[in-house]
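Here is the structure we will look at, set down as structure tokens.
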Amino acid sequence: MSPTIGVLALQGDVLEHLAALRSLGAEPVSVRRPAELAACDGLVIPGGESTTMIKLATLFDLLEPLREAVRGGLPAFGTCAGMIMLADRIEDGAAGQETIGGLHITVRRNAFGRQVDSFEEDLHVDGLADPVRAVFIRAPWVEAVDDDVEVLARVEDGPAAGRIVAVRQGPLMATSFHPEVGSDDRVHGLFVDLVRSA
Ligand SMILES: NC(=O)CC[C@H](N)C(=O)O
């Protein structure tokens with residue numbers, strides 16, 4: 001059975017995620033309403049702008065259903081702004097910026113700073129044999145993780161070396177980078193496996 005995997009489609013790079021999920025044999029759907037969310041076996045929260053996404057989620061009456069779904073164990077994968085949306089705690093957020101939460105991490109928004117605000121790097125990701133070409137766009141990094149969070153990848157070069165950029169906690173996964181850019185679907189593959197095993 002192919003799992004139905006939603007992509008939160010309020011804002012951000014939705015189409016690329018739908019395409020990656022489709023190519024992995026999942027049944028991808030755009031999610032803008034609570035009923036669409038309820039039909040999902042898993043959910044991708046894309047990159048974009050977390051402050052806008054949280055406002056739209058509130059406006060579309062999706063924020064509480066999203067929180068309930070994640071609390072109830074729905075597998076979810078947040079990329080970049082999506083990582084911020086899943087984080088329990090934000091540094092350098094907008095004043096009062098809320099999140100869906102559930103992921104026991106502190107995320108630092110726009111962490112890489114202006115000088116290197118967008119860059120690419122070959123990254124070793126736990127569970128993948130070969131490195132991934134990771135694309136970072138005004139990305140957050142993970143400042144701190146609780147004991148129940150597994151670190152899947154850290155920046156390997158440059159001034160940010162050692163910073164955590166991919167994590168997993170039970171059915172929740174998040175990356176600072178954009179796995180939907182390019183044609184490498186292996187990181188999405190990790191999430192589809194997670195949904196299948198949930
Ligand atoms: N590419 C991205 O998703 C950027 C994230 C954005 N800087 C934010 O704060 O939400």
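Heads up, the Cβ atoms here are built off N, Cα and C, so glycines get one too.
What TrEMBL says about a protein is an automatic prediction, not a curated fact.
Pulled from TrEMBL, these are the features on record:
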{"type": "ACT_SITE", "residues": "CYS80", "note": "active site, nucleophile"}
{"type": "ACT_SITE", "residues": "HIS178", "note": "active site, charge relay system"}
{"type": "ACT_SITE", "residues": "GLU180", "note": "active site, charge relay system"}
{"type": "BINDING", "residues": "GLY48, GLU49, SER50, ARG109, ILE137, ARG138", "note": "L-glutamine binding site"}
- Reported as an integer number of Å, what is the Cα distance between SER50 (L-glutamine binding site) and the residue listed as 'active site, nucleophile'? 9
- Message: Around GLU49 (L-glutamine binding site), which of the listed active-site residues (CYS80, HIS178, GLU180) come within 10 Å, judging by Cα atoms?
- Response: CYS80
- Among GLY48, GLU49, SER50, ARG109, ILE137, ARG138, listed as contacts of L-glutamine, what is the widest Cα spread in Å, to the nearest whole number? 13
- Query: Of CYS80, ARG109, ILE137, ARG138, which recorded positions are close to HIS178 (active site, charge relay system), meaning a Cα within 10 Å of its Cα?
  - Reply: CYS80, ILE137
- Who sits close to ARG109 (L-glutamine binding site): which same-chain residues at least 6 apart have their Cβ under 8 Å from its Cβ? SER50, ILE84, ILE90, GLU91, ASP92, GLY93, PRO140
- Item | Mapped DSSP class for ARG138 (L-glutamine binding site), helix or strand or coil | coil
- Item | Chain-internal residues, separated by at least six, CB under 8 A from ILE137 (L-glutamine binding site) | GLY47, CYS80, ASP117, SER118, HIS178
